[in-house]
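Okay, structure first, notes after.
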């Protein structure tokens, strides 16, 4: 993985060099271990806090250089807010706040993992460590000249002083694999489109074989034999042929129904013949955020050896305008046999998903399918960049996604489906058309997808506002967020994974 930050766990001992980081609550109270670490410097910290009007609000920080009474070169006090009600996501963000304060010169950092309520539990320390790694990630491989202060936490060695290092390390190991999955998803979204085209994306997904994932790549010939006319129609205008990648992790009981996750992978979207405006078209390299999430999720499940059977499927295309490109007015036949009139070639993601959803439903007979797609600008108008749109034909699945959305901070908001919306995509010339009216655009897109799930319990996550170019936050400073990996990993772990 590209992040170079090293995170470890050690028994507590007051450091004699480097940077010391301690937590306080919103009353400027410290835990017993932090108080011991500060020693006589507690009075100095209190005076500095009064001068700086530092209150210990969650995520805030106060910085003291060469603090009197300590041997370290730098002391950072990070506010944890109201610690009595602190949860795992709060701790993840707190870890991000720690990473955000680490500078390029902080090569050795000690974080005292306790709060006024007591020493952090192993799982809490692991959440801090995960937040540090998530925040420290940077995508800068194409920069040939870097400023001295650009690396920050990425090159630091961070140790968390904990009550039980072995237990903390054990708790962090599976969490670290999930972080790896998030970072992998971010890497894929951040890559330029001249580097990450469908064939290259498929090759990177195939690297999951090293973790024990079965990977099958369908090329144009194979997809033609399967009659995937909807997906192939999108890719026919590109010099880079499309691919469908099927990944399978068999960590559950033999013969047990798998869970299925499907991702839209439009590696670059010009809009095709219905071409987009040039302004911000460069962002369309991220139109494969759903596919990136699925690959990152499969990495996480396999690396942590999740006790579940799971299928990940991604449809990979470029949507380009050339003499062979799909036209408005064309009618294509999907793998399901249903025909689709093309009204707008820029409504291409649903065409890709249509064939992949049908393939997975028919071939793997999953317990449920969750698809992720940067599908519509309409969902951003409705929900902004804080929530993904959730559409589902199954209340239990929707409720579970909403619950883990709250606990992980990768929030979803359920949107309606219904026959009144569905009839808007009926076509005069084919079974359906690929767009409805301007009104309710994200809903009619989801209605289109529902026609290809064949009755399988299903949820659609429209992640157009959350997968890329979303606001930077405590645990992500990257253009690509890796949204969905933690959400779906938690869904699996909490509701579907065999317990030990």
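Placed from the backbone N, Cα and C atoms, the Cβ positions cover glycine too.
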Check: Pick from 269, 283, 422, 426: which one does Swiss-Prot list with 346, 348 for the same Mn(2+) 1 site?
Finding: 269
Check: Per Swiss-Prot, what member of 287, 330, 355 joins 264, 269, 348 in binding Mn(2+) 2 at one site?
Finding: 287
Next item on the list: List the other residues in this chain whose Cβ sits within 8 Å of the Cβ centroid of the Mn(2+) 2 site residues 264, 269, 287, 348, in sequence order.
Entry: 234, 265, 266, 284, 288, 317, 319, 349, 352, 373, 374
Check: For residue 264 (Mn(2+) 2 binding site), which of these recorded positions sit within 10 Å, Cα to Cα: 276, 346, 350?
Finding: 350
Checklist line | Which recorded positions sit within 10 Å of residue 346 (Mn(2+) 1 binding site) - Cα, from 269, 276, 287 | finding: 269, 276
Next item on the list: Would you identify the secondary structure of residue 264 (Mn(2+) 2 binding site) according to DSSP, in three states?
Entry: strand
Notebook entry, point to check: Looking only at 264, 276, 350, which of these recorded positions has the biggest number of Cβ atoms within 10 Å around its Cβ?
Noted result: 264
